[in-house]
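Annotated in TrEMBL:
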- 31-163: domain 'EamA' (DOMAIN)
- 33-52: transmembrane segment (TRANSMEM)
- 64-87: transmembrane segment (TRANSMEM)
- 147-166: transmembrane segment (TRANSMEM)
- 172-191: transmembrane segment (TRANSMEM)
- 172-301: domain 'EamA' (DOMAIN)
- 203-223: transmembrane segment (TRANSMEM)
- 260-279: transmembrane segment (TRANSMEM)
- 285-303: transmembrane segment (TRANSMEM)
């Protein structure tokens, strides 16, 4: 599992053709697909556990337990090999800003799933990749051709279909999910400048540390001593999220993003199943249509970007930045 952390710096170093790669073994692609399927299941399970506990305990308390348990797992994997040197950085302010943004984004995610059906929140969160692409055009002055703009416009239409603003009552949870997608897209673009000086392990550990730090302040707004069973579920919500990160990075290490990313969108399928069997949520036609549009747009954008020549390798944090975004924080 230690290997997972170093894999972040090696993923996505593939040539222009995202599938036909010299030396790429078929077995690796198959294992990558299995890892991405596992990641999608873990992301959905983590979100479901958070939704369940957010109905019983303050959201701030749920976020704190998630962060602490995920940080503890990552520290147990990384620190024995690196020691405290992993925290050495030239950009502490950037890490703090990133951690604050991530903590807000993750909190918005849990608020969203606590207020609306699980699948709906995840479908809107998928639009983070679209926001990342849009913001890269604006902030980084990247060129945007007709294909990229068409994918973005189509994807945002899908988001509107899911949100359904013309409904009798616009769900507040949908607004939080949309705010999370925008913020996560912003963080994705901002972190691209940090990979030039920071290692993947440093980025990960600083993120875990700062997010846990900021989430600890949420305890000031409410805390209830959890029952033993609930405490286990709170911890599991963080551990499953960390496990999802592991499988996600392993998948991108084993195979090109364009080969495994379609299976990542199974997160929505798992969420639909969990929502139906646990909470009795029946997906609406608007949700199914809008989700399909968002997923199709994200996949098209990913394949389009994968086929564009890159001047230098990109890190795992950037892998699939326009078409393969993690939906859980």
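From the backbone N, Cα and C atoms, a Cβ is placed for every residue, glycine too.
At the 8 Å Cβ threshold, with sequence separation of at least 6, the transmembrane segment (64-87) comes into contact with the transmembrane segment (203-223) through 3 or more pairs.
Helix, strand and coil residue tallies for the domain 'EamA' (172-301), in that order: 108 helix, 0 strand, 22 coil [DSSP]. Taking residue pairs at least 6 apart in sequence, the transmembrane segment (285-303) and the transmembrane segment (260-279) share three or more C-beta contacts under 8 angstroms. A Cβ distance under 8 Å defines the sequence-distant neighbours of the transmembrane segment (33-52), meaning residues of its chain 6+ beyond its ends; these are 62, 66, 109-110, 113-114, 118, 121-122, 233-234, 236-238, 240-241, 243-248, 250-251, 254-255, 259-261, 263-267, 269-271, 274-275, 278, 326-328. Residues 5, 8, 58-61, 63-64, 66-68, 70-71, 74-75, 78, 86-87, 89, 95-96, 98-100, 102-103, 106-107, 191, 194-195, 317, 329 of the same chain lie 6 or more positions beyond the ends of the transmembrane segment (203-223) yet place their CB under 8 Å from a CB of it. Counting residue by residue with DSSP, the domain 'EamA' (31-163) contains 115 helix, 0 strand, 18 coil.
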